[in-house]
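*Asks:* So TrEMBL lists the following for this protein:
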ACT_SITE  LYS199  active site, schiff-base intermediate with substrate
ACT_SITE  LYS257  active site, schiff-base intermediate with substrate
BINDING   GLU242  Mg(2+) binding site
Amino acid sequence: MSLYDLPERPRRLRRTENIRRLSRETRLSTDNLIHPLFVKAGTNDRQEIGSMPGQYRLTVDQLVEEARELDALGIPGVALFPKIPDDRKTPDAKYATDADGLYPRAIRALKSEVPDLLVITDTALDPYNSDGHDGIVRDGDIDNDATLDVMRKIAVAHAEAGADIVAPSDMMDGRIGAIRDALDDAGHTSTALMSYTAKYASAYYGPFRDALDSAPRRREGVPVDKATYQMDPANSDEALRELRLDLQEGADFVMVKPALPYLDVIRRVKDHSDVPVVAYHVSGEYAMIKAASANGWLDEKAGALEALTAIHRGGADVILTYFAKQVAQWISES
Ligand code: PBG
């Protein structure tokens, strides 16, 4: 056996689990995780979402129970999304601003029963809009500024119900400034804003749209997709433009969504942001791991932890993920 005169041997730091622990550069922590949850009206059983095994549409009572468990596991917060029945959906998404609607009721229940758990609310119109878009449809297009008027009202209704963080996922121009202004006018200066800064027009939202029945409606006069407001997957400079605007307008957190296919964007946003960077590991990313592991094609735990660790390493300080509860359990067991 010959001995080579190698100036460096990187494998020395990979020799045992303890030396690997010692030289590990990033660590996934429960502190960084937010769990998205779905709430529905009524008192019947929770419904599992077909394309998202292990995720459910919950009644308000079940939501509170789930929140208690997440809180006990040390998860800092939940992002809430509503399943609105069809007969409540209208072209003006009016139900979104109803202070006694399902969503404000869910926020109030969470804040009264599990007060420390952060509630992150969604102000986009799509669950309430009979056209299935995040904005008001007018003459075959999305009316940006009419949408902002509605978003301001929704944000104030959420803050009034107790939301800790308001998170607009709509990608209208100027919404961070408009919502900040509306919240401040109403005295909610402490309610934080988490902007979906670089939200891409992605195929990976499919299971989420199943969960909420919120896909754009195939109908004359309704844009077929969200490409006039969500970003083109081919772009990354544009993410920095959105970042600049969001920071100027007062965003407290900035998000990139989806996560794993956009690690380069996460890194660029992280390098240019002086507020925490969030990544949304979306429904389709979750579904892929679930489906492959259900078929025995990859190991669920290893696959999920690798994906989330990579997103954290890529620059995300916070990750929204449907795996949050499982990861918190895995971390507490290890
Ligand atoms: C819509 C919204 C979407 C998601 C969060 N908010 C989907 C869309 O833009 O159609 C997707 C989340 C996920 O896929 O997990 N405002």
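Every residue, even glycine, has its Cβ placed from backbone N, Cα and C.
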*Asks:* State the count of C-beta atoms found within 10 angstroms of the C-beta of LYS199 (active site, schiff-base intermediate with substrate), not counting that atom itself.
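*Replies:* So the number of other Cβ atoms within 10 Å of LYS199 (active site, schiff-base intermediate with substrate) is 27.
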*Asks:* Rounded to a whole angstrom, what is the C-alpha distance between LYS257 (active site, schiff-base intermediate with substrate) and GLU242 (Mg(2+) binding site)?
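*Replies:* The Cα atom of LYS257 (active site, schiff-base intermediate with substrate) is 13 Å away from the Cα atom of GLU242 (Mg(2+) binding site).
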*Asks:* Rounded to an integer, what is the Cα-Cα distance in Å between GLU242 (Mg(2+) binding site) and LYS199 (active site, schiff-base intermediate with substrate)?
*Replies:* 10
